[in-house]
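As structure tokens, the structure follows; a few thoughts come after it.
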Amino acid sequence: MLDVQESTPCWVDVDLDAVGNNIASVKKFLHSGDVRLMAVVKSNAYGHGLLPVARTAMTRGADALGVTHPNEGIALREEGIDAPVLIFRPLLPGEEEDIVRFGLTASVSTVEQAELLSAAAQKFGLRTPVHLKIETGMGRTGFLPETLKAMANRLFSLPGLEWEGIYTHFASAAIDSSFTRRQFQNFCGIVQDFAIKGIEFPLRHVCNSAAALLYPEMHLDMVRAGTLIYGQLPAGVTSPALDLEDTWSFWTRVIHLQKARSGATIGYGRTHRVRRDTVIAVLPVGYRDGFGLDVQRRPAGLLDLGKVIAKIILGYLGHPVGSPYVSINGTLAPVVGRIGMELSCIDVGNIPDIKVGTPVLVQVRRTVVKDSVPCLYRCQVPSHSNSGPEMQT
Ligand SMILES: *Cc1c(COP(=O)(O)O)cnc(C)c1O
């Protein structure tokens, strides 16, 4: 592990080489060189840092970037990144001028949005690329097929718009294959109807990470991958055709060691009772940092319910099951008691050489980590001006 100041209580370690290798692997998996890869860098690149990841993505084979909000696209442009950037969410009236000025690509879900973009493009004397968003089952954004039919003439007669792409988004690609196939068929039907009328879209795209892995026949012209490039398989997808590397880890330090006697309880609600004399290490992380945020699944059946009850009983007897573990000096230590807002406890009674300041690897929800947590970027392959480890806040 690389050096971080001893007084830094929490930090994120981002392995940009791993991100780059994952991007190269996904790109290779799309073997036919004609399938483009859009690296999805929304939500601060899933907590990895928008700009370093965007630069890495573009040097390791991505063809375009995808974000949710216009301000993320503008941030990319202001740092000199000139790759195509698709904005996923619908625009608010007033946002279209920035889209045009910064050369971003809007997703169009209504005629009104298209009209405002067209007006902005004309004002600046430019043609602005747009992607037509189709609603096929996600139920959030995009034209319903019947609305699209009625509006098509108006849409495609608007000046200043370049209809570069058409896409839809899957609601349950990892789990529900019949629904995903239905979404895909509806999408293809619409694309075909347009083709018959002589309207072609150079970039047709539907796949997120799960669909890209499970349905190669749906790759079309481009896939939009987030999860995979950050080294994870989509939940519910088990057969990895890819060799993915871990990209992200969250570290904290022991800030206090506390002896606890057999029979003492730890934390709010007194949910954990100590069974033998031990040592508790206190960590400066809590649910505010995304620690212990993983949602408890609703029991899916009687067997599941039985497991939940067994866990509660074992927990009551002082054997926490399924409670989070952290890694300290290469050993797993259980989190004991409820995770607090900003402090948590682990039992280190059996682990030697624990001191105040010892680093601890913890599992936290990546996308909720605060921007104020410093990020240590590691890269050997120089993809941009900085090479080697670098600490940024
Ligand atoms: C987030 C997002 C993706 C990427 O999803 P992953 O499952 O992380 O690959 C693709 N397309 C759209 C429209 C998205 O919002």
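Positions of Cβ are set from backbone N, Cα and C atoms, glycine also.
Look at TrEMBL and you will find Arg140, Met341 tagged as substrate binding site. Counting only same-chain residues at least 6 apart in sequence, those with a Cβ under 8 Å from the Cβ of Met341 (substrate binding site) are Gly286, Tyr287, Arg288.
Taken together, the residues of the domain 'Alanine racemase C-terminal' (247-378) have an average pLDDT of 87. Sequence annotations record features per position, and here TrEMBL assigns domain 'Alanine racemase C-terminal' to 247-378.
Residues or ranges marked as N6-(pyridoxal phosphate)lysine by TrEMBL: Lys42. Taking the Cβ of Lys42 (N6-(pyridoxal phosphate)lysine) as reference, residues of its chain lying under 8 Å away and at least six apart in sequence are, in sequence order, Gly66, Val67, Thr68, His69, Glu72, Phe88, Gly226. According to its DSSP assignment, Lys42 (N6-(pyridoxal phosphate)lysine) is helical.
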Nonlocal residues around Arg140 (substrate binding site), in sequence order (Cβ under 8 Å, 6 or more apart): His169
Mapped DSSP class for Arg140 (substrate binding site), helix or strand or coil: coil
